[in-house]
Amino acid sequence: MGSPEDDLIGIPFPDHSSELLSCLNEQRQLGHLCDLTIRTQGLEYRTHRAVLAACSHYFKKLFTEGGGGTVMGTGGGGTASGGAGAGVCELDFVGPEALGALLEFAYTATLTTSSANMPAVLQAARLLEIPCVIAACMEILQGSGLEAPSPDEDDCERARQYLEAFATATTTASTSGMPNGEDSPPQVPLLPPPPPPPRPVARRSRKPRKAFLQTKGARANHLVPEAPTVLTHPLTYEEEEMVGRLGNSGGSGLGDSYSPPTGAASPAEGPLNYEVFEGEEEEEEMAYPPGYGLAQSNEPSLSPEELGSDEDPIDPDLMAYLSSLHQDALTPGLDGQDKLVRKRRSQMPQECPVCHKIIHGAGKLPRHMRTHTGEKPFACEVCGVRFTRNDKLKIHMRKHTGERPYSCPHCPARFLHSYDLKNHMHLHTGDRPYECHLCHKAFAKEDHLQRHLKGQNCLEVRTRRRRKDDVAAPHYPPPSTTTSSPAGLDLSNGHLDTFHLSLARFWEQSATTGPPVTTQGPPEEEEEEGTPTTPQAEGAMESS
């Protein structure tokens with residue numbers, strides 16, 4: 001009897017990942033099961049932590065750092081439908097248009113944006129640490145001949161302080177504990193505490209900061225605004241697999257938890273008063289990726305009174321705009337550290353929203369859109385001719401520089417285009433792939449065939465001069481069985497096209513000398529009957 005492993009079979013479902021991502025996108029647009037609200041410059045976006053953490057290293061660190069890698073508790077008795085609360089995240093350092101494009105990318109695997117908004121999307125992808133979007137935007141900008149903008153130091157500093165503030169608040173909430181016997185951990189809002197006063201030099205301590213929360217009064221669940229139709233549920237296997245695709249990044253976990261572990265002590269009921277105390281610690285210069293400057297933060301502080309205000313309903317026009325965006329889900333997010341997976345992602349097909357043509361390859365959809373808009377951003381500096389693609393401009397510049405990169409291996413001939421070399425190779429190989437459908441003559445080049453069809457050496461004459469001659473030319477009697485065959489006319493092969501071709505050439509050659517001489521019957525029979533057919537024959541008979 002075989003082992004249990006021998007009885008196992010694997011049934012793949014290739015469309016499952018895209019269908020799962022499509023369902024998550026539909027839930028996001030309807031506001032169902034969303035456990036996070038992102039605010040930026042007065043606009044709000046409902047989304048899921050698991051999807052954001054799977055696509056963005058920044059969000060993964062924001063949701064897990066200091067929380068042991070667990071998902072933030074949402075069972076604190078919020079006022080949203082379904083008895084669940086939703087976290088609120090303020091990201092004023094990312095513009096609404098760029099954030100909307102990145103959220104659409106996270107749920108549809110398609111980055112849809114305009115060429116003018118490409119630098120803003122690149123800046124937002126750098127702040128949120130989305131490697132595949134950064135690589136695609138850099139490739140598009142470099143292909144367009146534009147220089148990628150440098151990261152904004154103020155936004156980088158605000159993003160760093162925002163992340164550190166959440167890590168500090170989460171660590172403190174975990175150490176404060178919860179009384180035994182209480183199953184659900186309290187909801188900790190995602191709104192950060194007021195940032196510490198700016199220091200002359202931005203540093204980060206080598207040791208973790210010592211911070212704690214002081215609680216007063218009732219439970220802090222009222223700090224979380226109401227969210228319509230929000231339900232919480234444990235992560236499914238597919239969502240856990242999607243979150244785990246990014247793996248470990250940079251040493252610090254990218255986390256999604258802001259609640260103490262189950263079974264810990266609960267703080268006393270009352271609004272949370274965040275006070276961070278830092279001890280004397282050894283400091284060193286912060287190690288951060290190149291290009292991320294350090295500057296003083298100008299982010300305004302948020303008081304507890306402002307955080308406790310009621311949430312305004314989402315603008316219906318905004319929901320209609322989000323619903324109208326491209327929704328075709330193809331594949332979930334990929335591991336930015338895996339080059340092979342990133343290469344496969346760059347080859348994912350994208351659909352044109354205008355003509356619905358499937359475009360393959362990253363960065364080719366904006367290039368295809370220029371065919372609809374008529375935009376030609378690449379201009380020749382010599383003659384001023386404009387092109388929609390940069391590679392076409394480079395090929396055009398060879399006409400001015402004299403460069404001929406395609407050389408024949410059999411002779412010294414060089415060519416400007418690859419198809420010219422391909423046609424030239426027929427001369428060496430003897431191949432004649434272009435055949436005339438009238439006279440069956442073959443040619444090595446297509447332009448030779450076109451010249452043959454338009455010239456005087458084929459059955460169908462199409463020159464303008466021939467049409468004028470046809471009007472003034474005398475009408476000769478049509479060919480019949482009694483017409484004598486001109487010299488050199490071969491009718492033995494039985495091809496009607498060849499006969500018509502030879503006959504047309506014969507009439508054309510005899511047009512200058514007059515009509516041909518025809519006989520009414522065979523000369524031998526006429527001589528036997530004694531009926532002269534020509535003046536010379538009559539004179540011969542009279543003399544005889």
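Cβ atoms here come from the backbone N, Cα and C positions, even for glycine.
When you go through Lys60, Lys216, Lys441 in Swiss-Prot, the residue listed as ubiquitin cross-link is Lys216. Just one residue in Lys339, Lys399 has N6-acetyllysine written against it in Swiss-Prot, and it is Lys339. Here the zinc finger (406-428) has long-range neighbours at 395, 398-399, 444-446, meaning same-chain residues at least 6 beyond its ends whose C-beta is under 8 angstroms from one of its own.
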